[in-house]
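**Q** Before I ask anything, let me first share the structure, which is written out below as structure tokens.
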Amino acid sequence: MRAILFYQREEMDEGLALAETAGYEVVEHRPTPRRPNPNYYISESMLQEVKEKGVEALLVFAQTRPRQLMNLSRELMGIKVLDKVLLLLEVFDLHAGSAEAKMQIELASLKYRLPILRDYFTRAKAGEQQGPLGAGTYGVEAAIKLYSRRMVKLKRKLEEMREAQRATILKRREMGLPQVAIVGYTNAGKTSLFNRLTGGSQKVDSSMFTTISPKRTAVELGNRKALLIDTVGFIRGIPPQIVEAFHVTLSEAALADVELLVVDSAMGERRMIESLTGSLSVFRDIGISGKPLIVALNKADKLNPPEARRLREVALKETKRIYSPVVDVVPVSAANGTNLGVLIDTLSKIVSG
């Protein structure tokens, strides 16, 4: 499906990668306005260009307001309109294997779409709204009630799962099984490192969010067994709707005993720091604090030794500025095993302590 992508300036790479993962052919991409248009988010001239391009989808990689999304859909009849949250949910849906993941995706989608329907309903009753849902309000009102009932049911089921998860985690602790959460931006190499540490063969490819449901494997770390958890990847500016709906999945990282943060060190110092600080910002969003933290600077095989050492010092200083306690920063390579022994020794000391 041919699409035009508008992105916030610092999020171009993520927007393009997510669009590709979702199966869109981005024929043109450009930054969003510095001051979003209150009616459409993008400017009216940009809107006119979209109409003239003959594309099948408009992707606005930003968080729009319900009215902006509805106005875009009304103006672009026959063109699929997605913002950041809706694009993320499409990508998540591609890789949702468990019932838990599917319920979380459905809840997030309903939570996001409900305000759009309510805004439409309010405007339709006032006689303002014509568009893709028609002029009548009965069908919209029925959909609002249906969405609300379904959300209550999903929240109840997910809360039951959350309590069961918490009980399982506490039981593991009672059995003396410490848990290490492998966290980080999507595509940083988390699953590749997980496979290296566990000898596993979880799916690894270049598409984003291949891991939606956490994967767990028990391994020997020194003289003690520990549980490694491959978690869902982070993105910059994770929308609050995603955080809330995916609480069951994200809390697996928050409830772990040790955090192993994987950062791509081969993309240059500036982007490495952005990834590092962005990940630590997500830590705050999902409630990770006070847990021992190890940073694995992945893809170190693409760096010469002096550069790897320099980036380690940069990352260590930046991490300690933001988070505590920081155990160490270890340049590694999930691809060829560089410094894997050092990382395992560091993990062993923590879980054995």
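Any Cβ shown, glycine's included, is placed from N, Cα and C.
TrEMBL labels come from automatic prediction, so no person has curated them.
As annotated in TrEMBL:
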- 184-191, 209-213, 230-233, 298-301: GTP binding site (BINDING)
- Thr191, Thr211: Mg(2+) binding site (BINDING)
- 178-353: domain 'Hflx-type G' (DOMAIN)
**Q** Within the chain of Gly184 (GTP binding site), which residues six or more apart in sequence place their C-beta under 8 angstroms from its C-beta?
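**A** Non-local contacts for Gly184 (GTP binding site): Lys190, Gly233, Phe234, Leu261, Val262, Val263, Ser275, Ser279.
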**Q** Which of the listed binding-site residues (Asn187, Thr191) has the least company, meaning the fewest other Cβ atoms within 10 Å of its Cβ?
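**A** Checked Asn187, Thr191; of these binding-site residues, fewest Cβ neighbours within 10 Å: Asn187.
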**Q** Applying a 10 Å Cβ distance cut-off over all chains shown, what neighbour count does Lys190 (GTP binding site) have?
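**A** Around the Cβ of Lys190 (GTP binding site), 29 other Cβ atoms lie within 10 Å.
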**Q** Can you check what DSSP calls Thr191 (Mg(2+) binding site), collapsed to helix, strand or coil?
**A** helix
**Q** Return the count of C-beta atoms lying within 10 angstroms of the C-beta of Val232 (GTP binding site), excluding that atom itself.
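**A** Step by step: centre on the Cβ of Val232 (GTP binding site), count other Cβ atoms within 10 Å, giving 24.
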**Q** Including all protein chains shown, what's the count of other C-beta atoms within 10 A of the C-beta of Lys299 (GTP binding site)?
**A** 23
